[in-house]
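**Student:** Just lifted these from Swiss-Prot, have a look:
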COMPBIAS  1-40  compositional bias 'Basic and acidic residues'
COMPBIAS  41-57  compositional bias 'Low complexity'
COMPBIAS  74-128  compositional bias 'Basic and acidic residues'
COMPBIAS  177-192  compositional bias 'Low complexity'
COMPBIAS  203-226  compositional bias 'Basic and acidic residues'
COMPBIAS  264-273  compositional bias 'Low complexity'
COMPBIAS  313-359  compositional bias 'Basic and acidic residues'
COMPBIAS  364-411  compositional bias 'Low complexity'
DOMAIN    410-458  domain 'LysM'
REGION    1-277  region 'Disordered'
REGION    313-411  region 'Disordered'
TRANSMEM  285-305  transmembrane segment
Amino acid sequence: MSNNNFKDDFEKNRQSINPDEHQTELKEDDKTNENKKEADSQNSLSNNSNQQFPPRNAQRRKRRRETATNQSKQQDDKHQKNSDAKTTEGSLDDRYDEAQLQQQHDKSQQQNKTEKQSQDNRMKDGKDAAIVNGTSESPEHKSKSTQNRPGPKAQQQKRKSESTQSKPSTNKDKKAATGAGIAGAAGVAGAAETSKRHHNKKDKQDSKHSNHENDEKSVKNDDQKQSKKGKKAAVGAGAAAGVGAAGVAHHNNQNKHHNEEKNSNQNNQYNDQSEGKKKGGFMKILLPLIAAILILGAIAIFGGMALNNHNDSKSDDQKIANQSKKDSDKKDGAQSEDNKDKKSDSNKDKKSDSDKNADDDSDNSSSNPNATSTNNNDNVANNNSNYTNQNQQDNANQNSNNQQATQGQQSHTVYGQENLYRIAIQYYGEGTQANVDKIKRANGLSSNNIHNGQTLVIPQ
C-alpha cells in the first residue's frame, strides 16, 4: 500500500512549494534595481500569504524561515535608503555652501571693477604703490595674529569674516598684476615658484589636520580658490616685471599670514577640544565613583541603623520574656500554697466528718432496739384494724344482700359469651351506658369484665 492511502483530502490537494524558485527569484532581485526588488519581494510575500493550502511540518518551518529572511532584508534596504538620503542631504548642504561662496565671489568682483579704475589711476601716478601697501599691511597682520585668541565659536566667525575679506584683497592683487603689461618671464617664473611653494605648504597642513576636515571645508575651499587666482595673476603678469613681482610678493605674504593664522586657530581649537575631552572624560569617571561612594555610604548607614534597632528589639524581647517567666513563677508559687492550704482544710473537714459519722453510728445502734419495738407495736395495731375492717365489710355485704332480697331485686348468672351490654338489653330493653353503670354499681364492679358462672344483681 502507498502512503497516499493514509492522507486526507487536505494533504492530497495542497499546493507544493519549491524553494528553488524562491532562490532564483531572490537572485534576480539582486541583479535588478531597487524598485524591482521591492516589487518582487512584495509579490513573493503576497503569494505566500494567499496560498489556499499552506504546507505542514518541515515545509511550513522552511517557509517561515524564508519569509523572516525576506523581511529582515527589506528592513536593511529601507535603512540603507534612509542613510543614502541623509548623505545626499549633506551633499546638498555642501553645494549650497559652494553656491553661497560663488555669489560672494561675484559680488566681490563687482566691487573690484569699481576699484580697478581708481587703482589704474594710482598705477599712473606711481608703480610702487603696491609695494608700499604690502609693507604697510604686513605689520598689521602680525599684530592681529598676536592678539588674544577668542573661544571656538568666535574663532569660526572670525574665519568666515577674514575669508570674505581676503577675496577682495586677492582680486585687487590680481588686477594690479594684470595692469602691469610690461614685465617678462622673470615675474612669471617667480610667481609660479611661490605659488607652488604655497600649494605644497597647504597640502602638508591639510594632511596634518586631516582629522578636522569636516569642520574646515569652507576654509580649504577658500584657500584653493585663492591659489587658483594667484596662478592666474602670475600668468597674466607677462608685461610688468617689477610691479607684477611686487603684487605677487604682496599676495604671497598675505597667503602666508592667512595660513599661519589658520594653523594657529586650528591648533588652538584642537587643544581646546582635547582639553575639553580630557576634562569631560575625567568628570565622567569621577561622577560615577562619587555616586557609588555616596550610595554605599547611605546603604552602610541604614544597615547599621537597622542592625542596632534589631539588637535593641531582641534585648527588649528578652527582658519581656524574663519578666513574664518571673511573673508566671510567682503565680505558680502562690497557687501551690493555696492548694496546700485547701488540702489541709479538706483533710480537717474529712476528719471532722468521720468523727460525726462515728457518733451517728453509735446513735443509730442505740436507737435500733427502740425502733424495732415500735415497729412491732405498729404491726399489731395494723392487724387489729384490718380485722375489724373485714368484719365490717362482711356485715355490710350481708345487710345489703338481705335488703335486696327483701326489695325483690333480680339476679342473673353469666353463661357463654354474655357481657354487661347484652344483660342490660335483656333486663332494661336498652344497652345504654347508664344501664350498664347501674349493674356495675349494684355488683361493685370497676370494669366491664365478667366471667362464666358469676351471679350478678340487677337492680330495678
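Every residue gets a Cβ built from N, Cα and C, even glycine.
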**Student:** Counting by DSSP secondary structure, give me helix, strand and coil numbers for the compositional bias 'Basic and acidic residues' (313-359).
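**Tutor:** Looking at the compositional bias 'Basic and acidic residues' (313-359) with DSSP, the answer is 47 helix, 0 strand, 0 coil.
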**Student:** Would you list the DSSP helix, strand and coil counts for the residues of the domain 'LysM' (410-458)?
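**Tutor:** Secondary-structure composition of the domain 'LysM' (410-458): 20 helix, 8 strand, 21 coil.
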**Student:** Looking only at the domain 'LysM' (410-458), what is the model's average confidence as pLDDT?
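**Tutor:** A mean pLDDT of 89 is what the predicted model shows over the domain 'LysM' (410-458).
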